[in-house]
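Peer 1: Once you've had a glance at the structure underneath, I'll fire off some questions.
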Amino acid sequence: MATTRGGSGPDPGSRGLLLLSFSVVLAGLCGGNSVERKIYIPLNKTAPCVRLLNATHQIGCQSSISGDTGVIHVVEKEEDLKWVLTDGPNPPYMVLLEGKLFTRDVMEKLKGTTSRIAGLAVTLAKPNSTSSFSPSVQCPNDGFGIYSNSYGPEFAHCKKTLWNELGNGLAYEDFSFPIFLLEDENETKVIKQCYQDHNLGQNGSAPSFPLCAMQLFSHMHAVISTATCMRRSFIQSTFSINPEIVCDPLSDYNVWSMLKPINTSVGLEPDVRVVVAATRLDSRSFFWNVAPGAESAVASFVTQLAAAEALHKAPDVTTLSRNVMFVFFQGETFDYIGSSRMVYDMENGKFPVRLENIDSFVELGQVALRTSLDLWMHTDPMSQKNESVKNQVEDLLATLEKSGAGVPEVVLRRLAQSQALPPSSLQRFLRARNISGVVLADHSGSFHNRYYQSIYDTAENINVTYPEWQSPEEDLNFVTDTAKALANVATVLARALYELAGGTNFSSSIQADPQTVTRLLYGFLVRANNSWFQSILKHDLRSYLDDRPLQHYIAVSSPTNTTYVVQYALANLTGKATNLTREQCQDPSKVPNESKDLYEYSWVQGPWNSNRTERLPQCVRSTVRLARALSPAFELSQWSSTEYSTWAESRWKDIQARIFLIASKELEFITLIVGFSTLVFSLIVTYCINAKADVLFVAPREPGAVSY
C-alpha cells in the first residue's frame, strides 16, 4: 500500500488569488497619481473667496464638501449669460467671467439662479483711466467709529458723505457657490483653449461630449456667525481629545515705536505728554490674501516710515519736551481691530502709554492720489464742542500749516464746512477720550481711490511705474514721481511732529529721503525679494520675501509678512547699528548700558561686503516693538459684541481648482453598469474557481517512501 505525506499549509488556489489581489492594489497605489495627472490639469495660481463671519452673519463663498463641478462657459459680454442662465442644455455651469463683468448686476443675476451655477472663475481685467471697482461698502466700518444714532447722529452712517461712493458691497455678500480668481494669464489661456476645443457647438447647436469642465474645492467649516463658530470650537477644544476648530479670529500685531526710549516695564507717568503719529497697515479685496492696498494702506505707511526716519535724524530729539509715538495699526479694515485693542490696553494698564498721556494725534489716511497740491486736514466736529479741545485742534492745524509752508509742493487745506471724520483709527481713540486729532488725506469728500479694497489697488493705481529696460536692482533705486510726492508729504509730517513735540531750532532742516520712499514702494508693491529688504531682515525671515508684491490682508496666522517687514524697516530707519556680537544681541542684559526694557535688539543679515560675496550681519538697536492686534471681543469672550470687532475667518481643509474632460450622463451610466457587471462577473468566477480549487489546482506529489 502506498502512502504519501502532505502538509496543512494554505490552499494554493487561495494563495494565488491573494497574491493577485495584492499586486492589483499595489499597482493602483503606485499608478494612482500618474493617472490623476493624465486626467486633471491643476490650476496652481488661483485665489479663493473664503468665508468670514462677524457677530450677526457670514459673508464670502464656499463649495460643497466634495467640491463643485460644472461645464465651463466663457462669459466675455453680458449677453453670454443667457446660455448659462436659461439656454444651456448641460447645467450646472462653471462660469469663466471676464474681470470687467465682475459687477454687482452680473453677480445678482448669477446668485439668483444657483441651480444652474456650479461656481465662478474670474479673470484679471486691465483697468483703464475711467474704470473703477471697489467691492467694499460705501460706508466702511460703519457702526464702529465715533458716530452713532446717539452721538453725532447727523454724521452717523455716512449721511453727509459717502466715503467710498463707488463701493458695490460685493465683498460683504454671502454666496452659496465657490468663486476663484485666476491670477495667471497662461492658465486662463489653457482654460479658454479647452473651452474652444470642446464646448463650442456648431452653428448654434449644443456641443457634443466630452465637454471641458472645472472643479473647485473651497468648503468652509464655519457657518452662521462668529458666536456660533467660536462656541462650537470652544466645545470641541473642551471635550474632545482631537478638537476640530472651525474658525479663528482675525488677528495680528500692531507695530509701534518711540522717538525717545521709554521703560516699557513700568510705563509713563501721567504728566508725560506724547504726540501720536498713526496709520494703518492692512487692506483686503474680494479674494483671500489678495490685498495689494497701494493707495488704501501702503502709500500711507510708507510715508510714515519715511517721516519717522527724517524725524530721528533731527539733532535735538533727545531734548524735546514731548515724546512721539509712531503706530502702524493692523486690522483696521475689519472694524478697527488694531486701534480698538490698543485703546483697550491703554485703558486697562496693559500698554506703557496711557490715553491721558496723548497730547495730540496725527493720522495719515490715503495720501497718494492728490489731484493737485492739496492735502486735506480732517477733524472731528463733535469733540470740538468742548472749547478746550477746539483750541487744541486749532493749534494743531496751525502747526501743520506752518510746517507745510516750507514745502511748496504740499498745500495744507482746511475743510470749508463741518464734516465727519473719514474712516480712521482716530475715531476709536475719540470714543474713549476727547483728544485733539487730525486725519491727513488726499480727498476732501469721497475717496479719490477708484479701487478701494480691491485687487486693482496696485502700484499702477498710484502711478508707480518703471522704465522697461531697467533691471530689478535699478528699479529698486529709481526715484519715481510718486516717491517724490510722498516724500514731500513725509517731510511735512516729520516737521509738524517735531514742532508738536516742542522742537523749534531744526524744523527747516528735517527732510524725508525720496530714496527711502522709492525703495519701500518697490518692496511692498512690486518685488519684496530685493537686496534692501534682505539686508534689514533676520536670516530666518528670508522666506517671507517673494518675487511678487507683499499682500496686506490681516489673516489669522500672525505676524504676517507685512508686519514683520514694517517692523524691521522701521527699526532699520530709526534704530542704530551696534557693535554687539550675535550672542550679545540675543541677550543684551549681560552687556553694560544695554536694556531690553528700553530697546529691542535684532540680529539682521546686513548689507553685502565690497565684493558682494557675503553679507555683513549686524545688531540693530531700536525702540520698535509689536503689540497684539486681537479684538477685545475675543479677550472678553463677547463674540456677539457691537462695541468691538468680531470678525473671524472660517477654517477649511482644501483649496483646489482643476479642469478636465467630462463625459455625458448616459456614458457615465453605461460605464457604471459595465463596471458593476464586470465586478459581479468577477465575483462569480472567483467563487467558482475557489469552490473547485481542489480539482483545478492539484498539488504535485511529494516524493516519499513506497512499500510493497
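One is the number of the first residue shown, and numbering goes on along the chain from there.
Every residue, even glycine, has its Cβ placed from backbone N, Cα and C.
Annotation source Swiss-Prot lists disulfide bond at Cys49-Cys61, Cys139-Cys158, Cys194-Cys212, Cys229-Cys247, Cys585-Cys619, citing similarity to another entry. The annotation N-linked glycosylation site is assigned in Swiss-Prot to Asn44, Asn186, Asn203, Asn386, Asn434, Asn463, Asn505, Asn561, Asn572, Asn579, Asn593, Asn611 (among others). According to Swiss-Prot, the signal peptide annotation covers 1-27, on the basis of sequence analysis. The topological domain 'Lumenal' annotation in Swiss-Prot covers 28-668. Among the features that Swiss-Prot reports, topological domain 'Cytoplasmic' is placed at 690-708, with the record citing similarity to another entry. For 669-689, the entry in Swiss-Prot reads transmembrane segment, with the evidence type similarity to another entry.
Each of these features: where is it, how hidden is it, and who are its neighbours?
Peer 2: Neighbour density for Cys49 (disulfide bond): within 10 A of its CB lie 28 other CB atoms from the protein chains shown.
Listed in sequence order, His157, Cys158, Leu162, Trp163, Asn164 are the same-chain residues at least 6 apart in sequence whose CB falls under 8 Å from the CB of Cys139 (disulfide bond).
In the three-state DSSP reading, Cys194 (disulfide bond) counts as helix. Sequence-distant neighbours of Cys194 (disulfide bond) (same chain, six or more apart, CB under 8 Å from its CB) are Ile41, Ile72, Cys212, Ile659, listed in sequence order.
Sequence-distant neighbours of Cys247 (disulfide bond) (same chain, 6+ apart, CB under 8 A from its CB) are Leu53, His221, Ala222, Thr226, Cys229, Met230, Ser233, Ala648, Glu649, Ser650, Arg651.
Secondary structure from DSSP puts Cys619 (disulfide bond) in a beta strand. With a cut-off of 8 Å between CB atoms and residues at least 6 apart in sequence, the same chain places Ala577, Thr578, Asn579, Leu580, Thr581, Arg582, Gln584, Cys585, Tyr601, Ser602, Trp603, Val604 near Cys619 (disulfide bond), listed in sequence order.
Every protein chain shown contributes to the tally, and the Cβ of Asn44 (N-linked glycosylation site) ends up with 11 other Cβ atoms within 10 Å.
In sequence order, the list of same-chain residues 6 or more apart from Asn186 (N-linked glycosylation site) whose Cβ falls under 8 Å from its Cβ is empty.
Asn203 (N-linked glycosylation site): 4 other CB atoms within 10 A of its CB, across all protein chains.
The secondary structure of Asn386 (N-linked glycosylation site), as reduced to three states from DSSP, is coil rather than helix or strand. Here Asn386 (N-linked glycosylation site) comes close to Asn434: these same-chain residues lie at least six apart in sequence, with C-beta atoms under 8 angstroms from its C-beta.
Taken residue by residue with DSSP, Asn434 (N-linked glycosylation site) is part of neither helix nor strand, so it is coil.
Secondary structure at Asn463 (N-linked glycosylation site), taken from DSSP and collapsed to helix, strand or coil, is coil.
The Cβ of Asn505 (N-linked glycosylation site) lies under 8 Å from the Cβ of Asp316, each of which sits 6+ residues away along the same chain. In this structure, Asn505 (N-linked glycosylation site) belongs to neither helix nor strand by DSSP; it is coil.
Every protein chain considered, the tally of other Cβ atoms within 10 Å of the Cβ of Asn561 (N-linked glycosylation site) stands at 18.
Here the Cβ of Asn572 (N-linked glycosylation site) has 22 other Cβ atoms within 10 Å, regardless of which shown protein chain they belong to. In the three-state DSSP reading, Asn572 (N-linked glycosylation site) counts as helix.
Classification of Asn579 (N-linked glycosylation site) by DSSP places it in coil, neither helical nor stranded. For Asn579 (N-linked glycosylation site), the number of other Cβ atoms no farther than 10 Å from its own Cβ, over all displayed protein chains, is 7.
In the three-state DSSP scheme, Asn593 (N-linked glycosylation site) falls into the coil class. Around the Cβ of Asn593 (N-linked glycosylation site), the same chain contributes no residue under 8 angstroms that is 6 or more positions distant in sequence.
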Peer 1: Please identify which of Asn434, Asn463, Asn611 has the densest Cβ environment, defined as other Cβ atoms within 10 Å, among these glycosylation sites.
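Peer 2: Within the set of glycosylation sites, the most crowded position is Asn434.
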Peer 1: Could you tally the C-beta atoms, other than its own, that fall within 10 angstroms of the C-beta of Cys585 (disulfide bond)?
Peer 2: 20
Peer 1: Which has the fewest other Cβ atoms within 10 Å: Cys61, Cys158, Cys212, Cys229, the disulfide-bonded residues listed?
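Peer 2: Candidates: the disulfide-bonded residues Cys61, Cys158, Cys212, Cys229. Fewest Cβ atoms within 10 Å: Cys158.
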Peer 1: Hey, how far is Asn44 (N-linked glycosylation site) from Asn561 (N-linked glycosylation site), Cα to Cα, in Å?
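Peer 2: The separation of the Cα atoms works out to 21 Å.
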Peer 1: List the Cα distance (Å, whole number) between Asn463 (N-linked glycosylation site) and Asn611 (N-linked glycosylation site).
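Peer 2: It is 35 Å, counting Cα to Cα.
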Peer 1: May I ask for the distance between Asn203 (N-linked glycosylation site) and Asn572 (N-linked glycosylation site), taken between their Cα atoms and rounded to an integer number of Å?
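Peer 2: Computed Cα spacing between Asn203 (N-linked glycosylation site) and Asn572 (N-linked glycosylation site) is 66 Å.
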Peer 1: Between the Cα atoms of Asn561 (N-linked glycosylation site) and Asn572 (N-linked glycosylation site), find the distance and write it as a whole number of Å.
Peer 2: 16
Peer 1: Rounded to an integer, what is the Cα-Cα distance in Å between Asn611 (N-linked glycosylation site) and Cys61 (disulfide bond)?
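Peer 2: About 52 Å separate the Cα atoms of these two residues.
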